[in-house]
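Can you read through this structure? Questions will come right after.
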Amino acid sequence: MATSSTRARPVRTLVTLGILIVVLFGSLFAGTKLDPKTEDNPGGASLTPGLALDLEGGTQIILQPVTTDGSQPTAEDINQAINVIRQRIDAQGVSEAEITSQGQNNIVVGIPGRPSQETIDLVSTSAQMRFRPVLSVGMPTATPTDETADEAAGEDAAADEAPDATESADATASDDADAATDEAADAPADESTDAPADESTDAPAETTRPEDPSDLSQITPELQEQFDALDCTLPENLVGGDSGPTDSAFVACADDGTAKYILGPVEIEGTDIANANSGLRVGQNGVVTNEWVVNIEFDSEGTKAFRDVTTRLTSLPSPQNQFAMVLDGLVISAPVSQVVIPDGKAEISGSFTRDSAATLANQLNFGSLPLTFEVQSQEQISATLGSEQLEKGLLAGAIGMLLVVIYSLFQYRVLGLVTVASLGIAAVVTYGVISVLSWTIGYRLSLAGVAGLIVAIGITADSFIVYFERIRDELRDGRTLNSAVEKGWQRARRTILASDAVNFVAAIVLYYLAVGGVRGFAFTLGLTTLVDLVVVFLFTHPLMQLLARTKFFANGHPASGLDPRRLGVRTARYAGRGRVVGATAAPGTADDTTQDAPAQDAPAPERSAPVRETVGAGVGRGDGPRMTIAERRAAERRAAAPADGADGSPTADAAGDENEEKH
């Protein structure tokens, strides 16, 4: 039963690999049906990998940066702008984009394929993040001026949806957050809508000086009419772009079209944000909850301004206790200020999902640029040159594969077909993984990535060669093929793991230190290194275990590549007159061979004295040809005689052997 179970292992391993391949391509086929790649959905699933800008072509946008104060942009400003644009594109899931500076005044952005209009707008639009206090909130639809009841209802509905801002060091409990939200929802709306109208009838708006940015006297009749007429359900009002004046009140829509706001003057600029990230909330007892939050950290200037803002807003009624985060004239979030935040570290909580929290964090991180942009040109890049390069790259890969196949067949005969099959499996798995990654994370194969795949052919073949040479070494030591396969695998496995570990670490370092096309090379190098391990462990070794049980390989057929005579192992043969001529096993291997062979019940006794090659019929040895009677007696005398005795010397033994053979 034990033998049967052992023999079933390689089959189960191969079946496991087959299941993994079926799942890989099955998910890809399912994606082509559920989320196909089209012109309207360029990020959908396809049976072919996505190609980068240098192979497929794409869209090229040339931007001219302009500073807000009209001064000449510095090299540092342009580099910072390039980094922010690259982060924006990466956050959209677009890979292999090329962003470079052209001269001292232009930035060239190359996006592969057919990018969505959202991605193009994200690159070409100079987004500005600003923090403003909320003065009034209403329903997104246009509201007639005489229907104040609808306006009040709009404020209540928007306040219900407002998330909470709490200090990250002392995050309030969920009950407190709910209470604050309910309090904001129950606050009367006519405080922010009716009061300005009464004040405006008594005195002109121009003569009213607001005491602070949250003063409702800033809502003039003209601004109120503009607010009432604004319809945030119309697509043209959700485009954004107009950030409004920085020193006066401003009307804006929520970016999702669910509410509209009257906002006070700008109090904090987006450039004052040092960092923003999303994650699960950690409670006061250190336990991680299931609530997604966004953490914001301001720089020194932003910390002081945010402390003053939260000090004022915390004491105000709803909706004046909210502060709006405005990106390109659209409100992306308007949380309620619950506590004073003196250290500049805030936590935004609410009905966030993982994706919505990550989106808000990206908007806060990359929302502000030190420059504005003027689009100089936008054009499509032809893929003619890229297609020629791809053809040459594939031709080089085919030539490399052919040379590896020829060498394997010449060096290993039929055993070389195992190398060919393993390379084929590695190619199939790599193709499937790259196609799935193109669908799931937007990965695109560049010319540098193709070069990484070509290099991977040699790396993968090297693993097989190490394994086969270990098997041959064990055969030279006198082992059977079954034993040589297992013992050789134990030794080759360590070498393969060490080699692939070095390659993988090099790929990681290269990926994080390099930019552009070099990262594509590093990515495919690391990916194929992992595929190499999967193929060697789940295909090559199990296949060798099965082949070792066939007569063709086990008997050492000359065409198998494991012929003992071609490997330098001399087998014993009968020479007549009771004599067997052949080579004995190498010293120190008799015990190993006997131990590995399942048919042996006990190991042969170890002998310290060498034995001559030519022997005759006589007493058999456990690890080689049989000993003659004379040799056995000579060996017994040597073992019994003292170490320094004359009779036990090699000369005396040889003379005794010759006399006995004459008789």
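Keep in mind that glycine also has a Cβ here, set from the backbone N, Cα and C atoms.
Whatever TrEMBL says is automated annotation, not expert-curated.
According to TrEMBL, the feature domain 'Protein translocase subunit SecDF P1' maps to 78-134. What TrEMBL records for 134-217, 580-663 is region 'Disordered'. The compositional bias 'Acidic residues' annotation in TrEMBL covers 147-164, 173-201. Annotation source TrEMBL lists domain 'SecDF P1 head subdomain' at 257-370. Taken from TrEMBL, the feature domain 'Protein export membrane protein SecD/SecF C-terminal' covers 373-547. According to TrEMBL, the feature transmembrane segment maps to 393-410, 417-441, 447-468, 496-514, 520-539. Residues annotated as compositional bias 'Low complexity' in TrEMBL: 580-605, 640-654. According to TrEMBL, the feature compositional bias 'Basic and acidic residues' maps to 629-639.
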Which residue counts does DSSP yield for the domain 'Protein translocase subunit SecDF P1' (78-134) in the helix, strand and coil classes, in that order?
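In the domain 'Protein translocase subunit SecDF P1' (78-134), the DSSP-based counts are 22 helix, 18 strand, 17 coil.
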Across the compositional bias 'Basic and acidic residues' (629-639), what are the DSSP residue counts per state (helix, strand, coil)?
11 helix, 0 strand, 0 coil
Is it possible to list how many residues within the domain 'SecDF P1 head subdomain' (257-370) are helical, extended or coil according to DSSP?
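Counting residues per DSSP class in the domain 'SecDF P1 head subdomain' (257-370), I get 30 helix, 44 strand, 40 coil.
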